[in-house]
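Structure first, then comments.
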């Protein structure tokens, strides 16, 4: 018996293609099967004889998401089919079924509405859907094989899956090509407009008269709203002196008051208005996009002014004078022997270390400062304008040493921004004006750097090369470097963002050079760069004020073309941990219109790299104690030896997450909610552990907001939060300060009985996924109803497999399901399903299945919030945030039919209780939050940060875990006789 053919109309590009599928295949819901691609719309004709002698049945299929790989059809077939996930399975019988002919199995995908009539094969109207022909040896009844009985849309199994095949270590939905040079850096859409896939509508062509009227209305609208700039728009922004053609409203616009603003309405493009209209036509796509995305009025004004100056040829220098007498580039190399024994000169060189730091890792900064400090050198520290906690910490330790100063000014520096170059140039000017600091060399460092050799060796090297300037160049291919760095593009920094405004030309007359933005410069060159007003320095400062990553090229270019060019040394004395497969993830696209790379953190396995002596290296980067502190300990031991036996805190690390002087406005409502709940859990822990009947000396009532919060790590494992908070002792009626340690409970669980699928090692859900370091930066996974969680899985080696991921909300509503293809070499996968917000408050479950057999599950908490804009939440606000999305619709698709298949019951009682909980406020809401938090967190211990009336409570300074416990490796003391701190 031969299988009958299915004829498919294939849309897109005009015409249609056909294919016969004769390989019998049974379909299982949730299992990947091929060949084919997700259809937009499909039309299939099944049944009948191959020769066309007997009739068949035609079916239309609704829209579904499309996979990246092309369909396996006709002459375009590929040898390796791309699998497609079964979603809703129905059997349709042709008129020949009574003759034991083939039944046609059709997968209807990702639409709640199934077409009831054949669709025309017009261009773009339909694309391929996979069809399977199943040959039955016995006659069968005309009944569906769908395990989810019925074919109504609300009961169908419409599975969501990622837009693209999951790549190992992909950056959410946007995978980075392996060839980083081919990244398209042209499409940067407005940040203010949330991108969603819109259904394609089949529109009837307009008549000529209607089309004429439509175009006329659009032209009139453009004149009225002459500042309207949309995403990727090609509209022209009229300049001030543009001729006013056939528009009475154009005069009204310019005669209106100067109170301009930025607004958006509905789905329309943002309206851009200025204090002063632009002085030219802004027609560049990139400039228009930047204007539409900029938040502040001042930034939009700057963008318009810079663009117009550049367009009029008044911004960028066309010709620059070269003062270097050499032909080509100096080729100086420093020779050294690490094992040579030499003595320092009587007057060794002195170094000015410029530390440019940001963030909250004060203890790591102090440890690095302790390692590089010597009383004969100078330390000038710039703390980012937004890092107030770190600034306060630096002020405290800098005051202890006369050769340490902090900049009186602070800038908000961003990755790739012109502000970093401004910071260095201003620091150099300050250093040159400090007549009491007789330094010889300038070295810039960050808190993520650490020394890898003795400072005496560095002084020996520099004493041999007093006139040298050390930098790490990019390599021999100048054209590639210019293109990769975006030097031929115009950028502007404002609103803490680097906006790309268009193309520009490299000035003639000089050689553009570049490389690392970590360098060593001698005093003479620093003086030249700081105070010279010659043609080279003046024009280069202007050119690099509008350049991406200017610190990676400015000093190199000026040095190579200046009278000091002969002092250039091809070595910046650093080792940087580049791993471009992980580091080039476009992770800075939220602050710069470009895809850039960032080095990875060193790990213990990298220690051997510090031993190389092919070139002199004295510093390495990057190090992050929250990622791995062990490697820092190894370096510290290598340089200075072990701490005395019994030294506390060597394997512990604390990093501040909140400090009271920053104010509660500096943290989110969900963080504030959780910190309060942690405090209450700690007070209950104190009462349960220390309280005795008839004695209230260890019972407390919470008071005020938390004082501080620290992340706590032990042996490079996150151990939870340390929350310092006030509480009133009920026995003494006195206010005390306590610190509570809360630790996350284990929420990842292997299925019981375990499946034979052994590749999965771990799964976690969180936010702020760092694809470079493969961690969640939101340590502890504090999430609220308006957060967008990411599911991560860690894999062992093994064969290619496909798993199904199921997201289940607190009342057992299946919110999403999708498949991930796990390649044999994959280590991590992650995906953020586009769930409709708000998420229902409570404990969620993410299940992982292989061939629909449970493998493992993990849980995560979406906490209710007790604060809204830092004020106690009102009932109307609580109802909106805690009830979940309208009609439980987390996605367009419904997954209700999967509940009985997966044995996930829906309970009316649970739904009713969820409605009651969503309306809670005040103390009842706090009790609900505490019960949820207590299900995934445990209060491990409580200590007293000061005097206490509880006689059995331990002082925090005497514990091994408190943020107040000893930490000798990071503590800074008096200078030792040898001039060092370590």
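Using the three backbone atoms N, Cα and C, a Cβ is placed for every residue, glycine included.
Checked against TrEMBL, the range among 244-276, 277-309 recorded as region 'Disordered' is 244-276. Check TrEMBL against the ranges 74-93, 94-113, 114-133 and you find region 'Disordered' recorded for 74-93. Taken as a whole, the domain 'Xylosyltransferase C-terminal' (636-816) shows an average pLDDT of 95 in this prediction. Taken residue by residue, the region 'Disordered' (959-982) breaks down under DSSP into 0 helix, 0 strand, 24 coil.
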